[in-house]
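Novice: I have a structure here, written as structure tokens, and I will follow up with some questions on it.
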Amino acid sequence: MNESTTINLMGSNLYEGVRGHAVKILNRVDRTDAYLDKLLEIELKNSNLSSLDKALLFEIVHGVMRWMGRLDWILTGFYKGQFSKCVPNVKNALRVALYQILFLDKVPDYAAVNEAVEFVKKLQGQKYADLANALLRNIIRNKDGIRYPDPEEDLVAYLSAYYSHPSWMVKRWLARFGRENTEKLLAANNSKPVLALRVNNLVTTMEELKKLLDEVELRYTDSKLLPEFIRLNNLVNITDWKYFKLGYFTVQDESTGLPVKLLKPEPGMRVLDLCAAPGGKSAFIADMMKNEGEIVALDRFDSRLKILEKNLERLKVTNVRTHAIDALEYEDDRLFDRVLVDAPCSGLGTLTKKPDLKWKKDLGDIRKIVNIQYDLLTKGASLLKPGGSLVYSTCTIEPEENYELIIKFLEKNPDFQLEPAGDLIAKDYVDENGYVRTLPHIHGVDGSFAAKITKIK
Ligand SMILES: C[S@@+](CC[C@H](N)C(=O)[O-])C[C@H]1O[C@@H](n2cnc3c(N)ncnc32)[C@H](O)[C@@H]1O
């Protein structure tokens, strides 16, 4: 065995058990550009944890990310020295332990502390273990008297710490929504995500899907947004179910169905999906087209298109042609009846599912992505037939990435006009200007936006 294998083996042994894996993932979220979902997926694939432990690992890493602002506020208050400068292993072990103490009833406080202390001792030695032990026990003793910034003195600091969001986000939402609605939005972002399914009418019907769910006693509720969707009442590992593998349904947020309904693709049409992977919307478009006509699905990443192809195969979609290409470089001799530009975006509407985005994104990211979004919109519009329609959609609630961009486009392109969404989408999800928009605290789904424009001539 050479030296590097020894170190490697030691490395993998050190991060044992659910908490060990959790700290390893959180260290990587801190240190790299990688997103939580991807890191968790890799870790789960390479671990031999039981399914119960995998569920606990999922819960802990998402919980720590969701509540990191509040956890760090408390740890900073109790830590002697600068908590932000603490060794990553210790910092994340403390976050994991405190999350369990404050938010998980099923783990007794003493167990959370002991696990963290043993772990820190193994990785960083006795001195840090003693520190972790004293700190966590002190917090437990004072758990009911934790003080947050005074909202009368500094509302942004209070909301940031209490609701665990970065202050730049809180500031811009306060200016837009006011205090009451901002608090509701922050609280909604911190809630656990809803698990929603879209029935695949290419394979089955909603009636049959409900019957199958009844047979395995999975409870569900009808979607308020769209008849093709239902919500499961509990978070379960539904992708292991036989009928998922048979393509009876997809797992996707209800808000993702709205842009497709707005696009109104019909059998026999030619449709361009400019930013298609992993294919949630392409599959719904194919379903509405009854697999008749053609969908051209582009994505700049071949690896993501492979996932789309696998998804579409499972769903028995047969009318999609894929191209791995930067959409800005795509050319076609024939124009399209419909174009969907489901643009890459900051994703700030999806914080229930992706809490790490809160800490990974900043204002600069929004400013940067707006130019790409505008170019993609312009490219999509150039490939549209006269009389054809384009839907531009995102999963963010930020105006620069949404309606501001549409207004700018329409000002510069008089051959296009806005089609108000009210004829196709229920009025609860359409704003006063005819845009589709959902907000987590109002509609109970991801925040999203969609606008439809038509080429007049
Ligand atoms: C919001 S996601 C699309 C989600 C997809 N429409 C669905 O419903 O599953 C945005 C996608 O755009 C792709 N993308 C980003 N820039 C692109 C570009 N210049 N050309 C083509 N695809 C791009 C990303 O790789 C990503 O897969």
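Glycine too: its Cβ is placed from the backbone N, Cα and C atoms.
According to TrEMBL, the protein carries these features:
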- Cys395: active site, nucleophile (ACT_SITE)
- Cys275, Ala276, Ala277, Pro278, Gly279, Gly280, Lys281, Asp299, Asp326, Asp342: S-adenosyl-L-methionine binding site (BINDING)
- 199-226: coiled coil (COILED)
- 185-456: domain 'SAM-dependent MTase RsmB/NOP-type' (DOMAIN)
Novice: Could you give the residue numbers and ranges of same-chain residues that sit at least 6 residues beyond the coiled coil (199-226) on either side and whose C-beta is under 8 angstroms from one of its C-beta atoms?
Specialist: 232-234, 236, 238, 241, 243, 246-250, 254-255, 257-258, 261, 283, 286-287, 290-291, 315-317, 426, 428-429, 438, 443-445
Novice: How big is the Cα-to-Cα gap, in Å, between Lys281 (S-adenosyl-L-methionine binding site) and Cys395 (active site, nucleophile)?
Specialist: 13
Novice: Taking the Cα atoms as reference points, how far is Ala277 (S-adenosyl-L-methionine binding site) from Cys395 (active site, nucleophile) in Å?
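Specialist: Distance (Cα to Cα, whole Å): 14 Å.
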Novice: For Gly279 (S-adenosyl-L-methionine binding site), list the number of other Cβ atoms lying within 10 Å of its Cβ atom.
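Specialist: A count of 29.
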Novice: Could you give the mean pLDDT over the domain 'SAM-dependent MTase RsmB/NOP-type' (185-456), rounded to a whole number?
Specialist: 97
Novice: Select the most exposed residue of Cys275, Ala277, Cys395, where exposure means the fewest other Cβ atoms within 10 Å, treating these as the recorded positions.
Specialist: Cys275
Novice: Just to verify a number: CA distance, the residue listed as 'active site, nucleophile' to Cys275 (S-adenosyl-L-methionine binding site), in angstrom, no decimals.
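Specialist: Here the two Cα atoms are 13 Å apart.
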Novice: If you skip the near sequence neighbours and keep only those at least six away, which residues in the chain come within under 8 angstroms of Asp326 (S-adenosyl-L-methionine binding site), Cβ to Cβ?
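Specialist: Non-local contacts for Asp326 (S-adenosyl-L-methionine binding site): Arg300.
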Novice: Tell me whether Ala277 (S-adenosyl-L-methionine binding site) sits in a helix, a strand or coil according to DSSP.
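Specialist: Its secondary structure by DSSP: coil.
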